[in-house]
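Engineer: Shown below is the structure under consideration.
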Amino acid sequence: MPLLTLHNQQIGWTPLLVLGYLFYLLLGAMVFQLLEKQAETHFRDQFQLEKLKFLQNYTCLDRKALEQFVQVLMEAWEKGVSPEGNSTNPSNWDFSNSFFFAGTVVTTIGYGNLSPSTVAGQIFCVFYALFGVPLNLAFLNQLGKSLNAHLITLERWVQMPGRAQVVQTLAVAIFLTAGTLLFLVFPPLVFSYIEGWSYGEGFYFTFITLSTIGFGDYVIGTNPNKHYIPVYRSLTAIWIVFGLAWLALVFNVGADLMEKFLQLKWHQPDLNLAEGATIKSEDEPEQPRIHIPS
């Protein structure tokens, strides 16, 4: 195990990595609490105020009836039915939407805005994910190997005689830039135009989706007031699959670089200590040997 020498004591860098990981989670928790808690309190108070105004305007209703109606709305939303519009809204389970849902299952994105409501659908979903998730991992792994093979080929090409290190760096930068444009920069423009989001909201949805976080606060093709082309969500599902492979490759490269940096940093004191011991042993005079005759 890689070791860090501190005051002549060797400490494994793995426990330090665990502590760093926990510290990162605690830092995220504090920042999210600082940024979001006050806004949540504001929205909660605003919602209660709107309910009071509603009761004042419609005196025929009491608070209990209003709470029951709100509960009906919540249950409809949990079942994937939008409370807006009417019964003529497009089905959440047409082929295009079902294809998109199948993609969110096998990729483990799971937005949470839509889920099977029948017992048969829930059972099928379990077994579908049981075989689909490993299949998706195998597919992404193979796709990642293919992308990595192209990177290796590109690296060999730029390492040929007559090509400088600058050209190699430039080639890798072009590869990363092309993927960034294709999967992170241009798609938010499309989603912003179709869904009516800001570019920031579109970029937020793009990254949260491709990183398989999938909160479900932003989901494409769910606005009942908009008319979507039938293949919109299906094409998005295909884009998600290839985007997952590219972003996973980027994450793997980042993790490898971070691990190598940590190992290099923690190994450096050991190397210095070993070099010091070698120099010390060389400087010590050789002790005379006493020969005892037999």
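Backbone N, Cα and C atoms are what each Cβ position is placed from, and that goes for glycine too.
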Engineer: Pick from 75-94, 95-114: which range does TrEMBL record as transmembrane segment?
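Structural biologist: Based on what TrEMBL states, transmembrane segment spans 95-114.
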Engineer: Mind looking up the mean pLDDT for the domain 'Potassium channel' (88-146) in the predicted model?
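Structural biologist: Averaged over the domain 'Potassium channel' (88-146), the predicted model reaches a pLDDT of 87.
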Engineer: Going along the chain, which residues at least six beyond the ends of the transmembrane segment (232-255) come within the CB cut-off of under 8 Å?
Structural biologist: 96-97, 99-100, 102-104, 107, 109, 139-140, 143-144, 147-148, 176, 179, 182-183, 187, 194, 206, 209-212, 220-221
Engineer: Same-chain Cβ contacts of the transmembrane segment (95-114) under 8 Å, 6 or more residues past its ends?
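Structural biologist: Same-chain contacts beyond the flanks: 77, 80, 125, 128-129, 132-133, 135-136, 209, 212-216, 219, 221-222, 230-234, 236-237, 240-241, 244.
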